[in-house]
Amino acid sequence: MIGSLDTTTLQHLWWLLCSVVGALFIFLTFVQGGQTLLWQVAKSDLEKSLVINSLGRKWELTFTTLVLFGGALFAAFPKFYATSFGGAYWVWVLILFTFIVQAVSYEYRKKENNLLGEKVYELFLFINGSVGILLIGAAVGTFFTGSNFVLSGYNFVTWTHPLRGLEAAFSLFNLSLGLFLVFNARTIGSMYLINNIDFSATPELETRLRNACWTSFLCSLPFLGYVLVSLLLMKGYTVDGNGVVSMVSRKYLANLLANPWLLGLLAAGLVLVISGVLSTAKTSKTGGIWMGGLGTVLVGLTVLLLPAYNNTPFYPSKADLQSSLTIANASSSHYTLTAMTYVAIAIPFVLAYVAYVWWAMDRTKLTADEVQSEAY
Amino acid sequence: MIENFDMSMVNWARAQFALTAMYHWIFVPLTLGITWIIAFYETLYVKTGNEHWKHITKFWAKLFGINFAIGVATGIIMEFEFGTNWSNYSWMVGDIFGAPLAIEGIIAFFLEATFFAVMFFGWNRVSKRFHLFSTWMVALGSNLSAMWILVANGWMQFPTGMAFNPDTARFEMQNIMEVILSPVAVSKFTHTTSSSMLLASLFIISISSWFLLRGRHIEMAKRSIIVAAVFGLITSAVVGFTGDEAAYEDAQHQPMKLAAFEGLYKGEKNAGIVAIGMLNSDKKPGDDQKPFNFQIRIPALLSLLANRSPGSFVPGIDDLVYGNEEYNIMGAGEKIERGKIALSALDTYKKAKKEGNGDMAAAALASFNENQEYMGYGFLEKPEDIVPPVATTFYSFHIMVALGTLFPLVCLAFLYFTMKDQLLNKRWLLAAGVPMFFLAMIASQAGWVVAEVGRQPWAIQGLLPVSVARSNLTAGTVQTTFFMFAILFTILLFAEVRIMTKQISIGPEGE
């Protein structure tokens, strides 16, 4: 069956798969959100240890999902990989930097002779959770607002802005998307920690986390509002049957209306996130993360599908409209997409064992005793 | 195709990739090897119920954990560097090269990342058997990850299972099984993983020797050594066998690399291997100077290694650069000429297609097809450009082989004296054992230097030189990030070494 799929279907399927991985990554940034909460919610060493150890059991999952997101884009849309990474150089390098320092911080922070001291590793975690996520949001924002590049006849990319990608962070829309992701990560980060930790020894930590969930959510609202309203009103990029790209008014509103299921995803996602927030912040329940997490996945999926489907260039060029990338002109060959689709059959199995291990490891909450005996 | 080569930028990008890869390779071989040994120790614990094995497992796992994080951190840079610094490469071969990277993510990384958490934090959260299963999964995941990245690397050394598409001006995959099962990929994987297992064995021998010299944790150190020495001895044999296979594959697909690592300028029959040698640093391809100031050679062995036939002809650097009619070897000069014809025909083809001139497009395509085998050479300027840095390749190869010969002897000596229960009396052996890990690290790094420096100037052997594979960046930009990465990685390496040595000196808990 997979072998008989045509190129267009495969391109749509692979954008969907990449978007699912991207949306799962946005959910898993609860780790980064938790990192930025550390100094705010954890006042004692024990509280810090609980937060760090709870997040530290999941950071690799987030990291791996980011790597897979990159790998899947490379395999399925190599022209995007080449154009964006080779062009928007500085934004990607800085994002990578924040993830390098994160990767070592959990392991090194509390170890003796760690050279830089505990506080520096905690600062690394904060930078990863704030600057890293903000820049990822700004980079994703360029899917809507466009970038500054020109492709030669042989697809060699020339970036036309001296900041090489960092200029994305100076657009109000991109910045708002980035800040929304930062505050959303904090919102779901507090939900995750509420779910994962046994607070019997640290009741104040629980109170602070529930408060942080509410305030982070309130902080995210203006940015979310600005992004949503802009999406409905802004001009967007479109591509016609001959591959000619042009600008049209209210393109993304048109995309939503042309694909009402996207509208459904967005609405369901927002309702779920709000339910998760209310459950965590206004009740004593601990399961808010599942609603908040699923809601984040659905919102993330909408944000990633909206600029690519319905004849929309997902990586538009402001400098030269005809250099813009669509899922049709940026994709791998029919053969590669087909081969990769066979491999993608493994994804449900991977999700199943990840879910099983998550359940097996988190059946009992993380206690103060445990972080004192067996911990980072 | 790409004008204005900026070799300064290309060289900084090369340096940055070399830096990242070499830092990455400080941490990864230990991960690849030690996870199997830890899984074996834990199996002994689960089978026997002896708590000693649990302490041993947890001690080595702790050191592995410290090492793992920085391996992950340097790894992510390598993946994204293909895009940031080698974007034209990413576009031109992404159709083939991207797939193994994505498969690595789906099949291997999640296995590693998911079960890593169980391995470290699951001792009291899951059953003994599930914990053991998780440790084996981490070992399997990390080695599967190596497999896919080495499939990708093997394809760069020996591009197969694909064709150039003149309409998209890129290489496209035609047969994924050919890419996965390419003999070079298989050889890369088996040689890399077996040498990593040997390195991990020597890591355990080094630290255990240090404990024994100090009279600490004697029981744990002796038990650790038995398993590590047996493991090291078995993997040494595999390393030798797969190393021989790797050299054979080089001879078949990258004869210039073989000639460089043997310092062979004039090809010959019954070619000998240089056992020890000092290169003449003034020697240039095509001149009459002696290639060596001093050398000891073992006759006919290189011919045997290269072609499985002691009397066979092995081409030298001069034969490959200037051609050799007697053995029907085309010189690089002719390849460059034909490559330039191919590139020019491709340009004409694209223009004709744009203008809708069918006849001109067909003629240009015919000319391109006739010469496309040499298209990559069309980017080079002179025949000598195909010669990699000979001294670096030669010395790296010989250091690797010399150390690779020493290691099984060391493992054998440790095994023998441990079995005879005389290890504690043999302080000379323990003292010799301590630096073995560092020597293994040098051998392992040297192996990659041979593989990667030896294939210069090619990003994709024969098809795409590094000068074309690059991104459109200034040298200053790449230089800046080179130093950013160099400083950060060095700081993190220092931190790792300090933490690691402290944890080693603390020793295992419960002993």
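Glycine is treated like the rest: Cβ placed from N, Cα and C.
TrEMBL lists B:20-39, B:59-78, B:98-123, B:135-156, B:196-213, B:225-243, B:395-417, B:429-451, B:471-495 with the feature transmembrane segment.
Long-range contacts of the transmembrane segment (B:196-213) within the same chain, counting only residues at least 6 positions beyond its ends with a Cβ under 8 Å from a Cβ of the stretch, are 28-34, 36-37, 60, 63, 146, 220-222, 224-225, 227-229, 231-232, 235-236, 238-239, 407, 410-411, 414, 423-424, 427, 429-431, 433-441, 443-444, 504, 507. For the transmembrane segment (B:20-39), the partner stretch with the highest count of Cβ pairs under 8 angstroms, out of B:98-123, B:135-156, B:395-417, B:471-495, is B:135-156. Stretch with the largest number of CB pairs closer than 8 A to the transmembrane segment (B:471-495), among B:59-78, B:98-123, B:225-243, B:395-417, B:429-451: B:59-78. With a cut-off of 8 Å between Cβ atoms, the residues of this chain six or more beyond the transmembrane segment (B:135-156) that come close are 28, 31-32, 35-36, 38-39, 42, 57, 61, 96-97, 100-101, 103-104, 107-116, 119, 179-180, 182, 184-189, 192-193, 196, 451, 455, 458-461.
Using a Cβ-Cβ cut-off under 8 Å and counting only residues 6 or more beyond its ends in the same chain, the transmembrane segment (B:395-417) has close neighbours at 195, 198, 201-202, 205, 225-226, 228-230, 232-233, 236-237, 239-240, 243, 261-262, 274, 276-277, 279, 423, 426, 429, 432-433, 436, 439-440, 442-443, 446-447, 449-450, 453-454.
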